[in-house]
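S.K.: Encoded as structure tokens, here's the structure I'll be asking about.
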Amino acid sequence: MEASPEYTEWGGQLVLVRWRPPPPPGLGEVLKAGLRRSCACSLQGTWAQLQALFPAVHWLRQYRPREALVGDVMSGLVIGIILVPQAIAYSLLAGLQPIYSLYTSFFANLIYFLMGTSRHVSVGIFSLLCLMVGQVVDRELLLAGFDPAQDGLGPGANRSSLNGSAAALVLGLQDCARDCYAIRVATALTLVAGLYQVLMGILGLGFVSAYLSQPLLDGFAMGASVTILTSQLRHLLGVRVPRHQGPGLVVSTWLSLLRSAGQANLCDVLTSAVCLAVLLAAKELSDRFRHRLRVPLPAELLVIVVATIVSHLGQFHERFGSSVAGDIPTGFMAPRVPDAGLMWRVALDAASLALVGSAFSISLAEMFARSHGYAVRANQELLAVGCCNVLPAFFHCFATSAALAKSLVKTATGCHTQLSSVVSAAVVLMVLLVLAPLFRDLQRSVLACVILVSLRGALRKVRDVPRLWRLSPADALVWVATAATCVLVSTEAGLLAGVLFSLLSLAGRTRHPRTALLARAGGSSFYGDPAEFEGLAPEPGVQVFRFTGPLYYANKDFFLQSLYSLTGLDVGYAIARRKERGPGEGAGEGDPVGGRDPGSGSGGASLVPAVTRFHAVVIDCAPLLFLDVAGLATLQELHRDYGALGISLLLACCNPSVTDTLRRGGFLGEDQGDVAEDGQLFPSVHCAVQAARARHQELAASNSIL
């Protein structure tokens, strides 16, 4: 600092003197400093970077087994038990075999254990991402000549043949059946999405997910849930309908279901009805007595085990033609590099997948961190979730993210750290190595029931719309537009529509912010809006204007219109009329501002209008968040026009950003101590009003002497 702060007296009161900020460093200095920090290498710095990249290295050294081990093991076992049936069920959404969902759950838990900063988030398969992956898989299967309506599950699925031999030759699929090509598409999509997320984390773009507002995410979850529900109805009914693609997917699927309703499989319908009744009843009981239950009821696992035994003993597939899961191999497949050609084909689809996965993961991590009193790093969360997609993509896995339902269960069962994820991975590993073939006769209708019951929370969000409308109609509109576009067009279009409506909502709020003329409360220094407070009186001769928003190119016209309307003076019109009359003529009777004082001399001191309702305008800049070039030009023109009419323009309560913009734009003096700045910037509205009154009195006194 070049000078220490001092207090000077003005008008018998203390006036604050601002610090003089140091000159900003040049671009060359900034680049040199950044390179110096990046290239600096030391053992301590390397260890710090390692701990930042793998937070588990840090917190494992401080782990307290007596306090946390029991809760972590319990929550890990519960999540593992929930993961197994959900992994098998969600393979229906992705159009893949159940073994790939188990792979995904295993690797995601291990990687997030090492790299995640949240202690309570459960990362793994997520219904919305499975739906998005499944839609891309279906599209690519259709383009490759496969029949997307034939699911990859079930006996004989890998014996499906190509519909077009030309597509097989072009894509090199002579030795690759339907399931083989489906997982190639899914891994290519997952790898590209993971690379996007890792790149966002490296570039420090964790803040981007904050622009996906909660109403947008809730609306997207609702719309995607309706799409998921629609896609699973064919499994509930046991009918074979085409898997539609493109806009209007939900409507087209419903029409196909209605046309095929007469061909429903009675065995699947009865099984679905029983499983839905049991699962919904178990969920309601679990919600009602959740405070008494230390561990939630593993309803999905019990239903799947019982349904598998009944289906096996009753031979539902052979006797009634009921669709079943089919052979599920054990062990791990050899790793494979995702297809580069497919990566280019799905690059655009991966962008929306990465954005949705990042937004849900970061928002859930921050939500649990706030509720449990610790901090997470958004950029590290992007790296963690990205690596949960990049590395497993080489091991036949597909896209993952944080999931709310499992995270809530994880917290409720006593989770303290991500060590519980290792326990969950161990449960999944046991299923992969030993138990997977036992689910061969599990009906797909049962898996569809598990999926539908998991959508309860998202579907119930529709009840929040009336309350959201009362709080903020703009947010309610974003919710409805996102959900409706997801259902009527597609999930990708719904996400895009939600982002656009959110930006339009934000622009609308800043384009027409609230404006008011402030008045004073008695003899105090408080100035408020008369529409909010009673007993306020306007300050004679001074108009105090408040604009509760930033001043930028989109609202500068509204700023001027509001100011002119509230003060009753359009300075541009007044100056134009004065020019038309000529400099020697006074103001007309109808002028909002009078001309010169007839009794004054011809000197330049008599610039104050003799007939006017106010002699100064004070702008309360406390709510003024920032100025852009257009906003700065607006203030400069306003200052010039008011000055031509002899009216002072003063600014009060400017934040440092606004002050710096004014100074760099030439509105104030180049140096902070200039007279121009001291006479135009004030720390409070009251100081500005007093300065305006004192200035007017001095000018009136000098005019009377002349």
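Using N, Cα and C of the backbone, Cβ positions are placed for all residues, glycine too.
For reference, TrEMBL lists these features for the protein:
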{"type": "TRANSMEM", "residues": "69-90", "note": "transmembrane segment"}
{"type": "TRANSMEM", "residues": "188-212", "note": "transmembrane segment"}
{"type": "TRANSMEM", "residues": "262-281", "note": "transmembrane segment"}
{"type": "TRANSMEM", "residues": "293-313", "note": "transmembrane segment"}
{"type": "TRANSMEM", "residues": "342-362", "note": "transmembrane segment"}
{"type": "TRANSMEM", "residues": "382-405", "note": "transmembrane segment"}
{"type": "TRANSMEM", "residues": "417-435", "note": "transmembrane segment"}
{"type": "TRANSMEM", "residues": "479-504", "note": "transmembrane segment"}
{"type": "DOMAIN", "residues": "540-692", "note": "domain 'STAS'"}
{"type": "REGION", "residues": "580-602", "note": "region 'Disordered'"}
{"type": "COMPBIAS", "residues": "584-602", "note": "compositional bias 'Gly residues'"}
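Map the listed features onto the structure and describe their local environment.
M.R.: When Cβ-Cβ distances below 8 Å are used as the criterion, the transmembrane segment (69-90) is approached by residues 98, 101-102, 104-105, 122, 124-125, 127, 130, 295-296, 298, 300-301, 303-304, 325, 328, 406, 409-411, 413-417, 419-428, 431, 439, 442, 447-448, 450-451, 454 of the same chain, each at least six residues removed from its ends.
Same-chain residues lying 6 or more positions outside the transmembrane segment (188-212) and placing a CB less than 8 Å from one of its CB atoms are 133, 136-137, 338-339, 342-343, 345-347, 349-351, 353-355, 357-359, 362-363, 377-383, 385-394, 397-399, 498-499, 502.
With a threshold of 8 Å between CB atoms, the same-chain residues lying at least 6 positions outside the transmembrane segment (262-281) that come near it are 235-240, 299-300, 303, 307, 316, 320-323, 443-446, 448-450, 452-453, 456.
Counting same-chain residues at least six beyond the ends of the transmembrane segment (342-362), those with a Cβ under 8 angstroms from any Cβ of the stretch are 121, 123, 126, 128-129, 132-133, 136, 140, 184-185, 188-194, 196-197, 200, 206, 208-210, 212, 217, 220, 376, 378, 381-382, 385-386, 389, 399-404, 491-492, 495-496.
Remote same-chain partners of the transmembrane segment (382-405), defined as residues 6 or more beyond its termini with a Cβ less than 8 Å from a stretch Cβ, comprise 53, 94, 96, 99-101, 103-104, 107-108, 111-112, 115-118, 121-127, 129-130, 132-133, 183, 186-191, 193-202, 205-206, 332-333, 335-338, 353-354, 356-358, 360-362, 364-365, 454, 457.
Packing against the transmembrane segment (479-504) from elsewhere in the chain are residues 128, 131-132, 135, 211-213, 215-216, 218-220, 222-224, 226-227, 246-251, 349, 352, 355-356, 465, 468: each is 6 or more residues past its ends and has a CB under 8 Å from a CB in it.
The predicted model assigns the domain 'STAS' (540-692) a mean pLDDT of 76.
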S.K.: Can you work out which residues elsewhere in the same chain, 6+ from the ends of the transmembrane segment (417-435), have a Cβ less than 8 Å from its Cβ atoms?
M.R.: 56, 59, 63, 68-69, 71-73, 75-77, 79-81, 83-84, 87, 99, 102-103, 105-106, 109-110, 112-113, 116, 118-119, 122-123, 330-332, 410
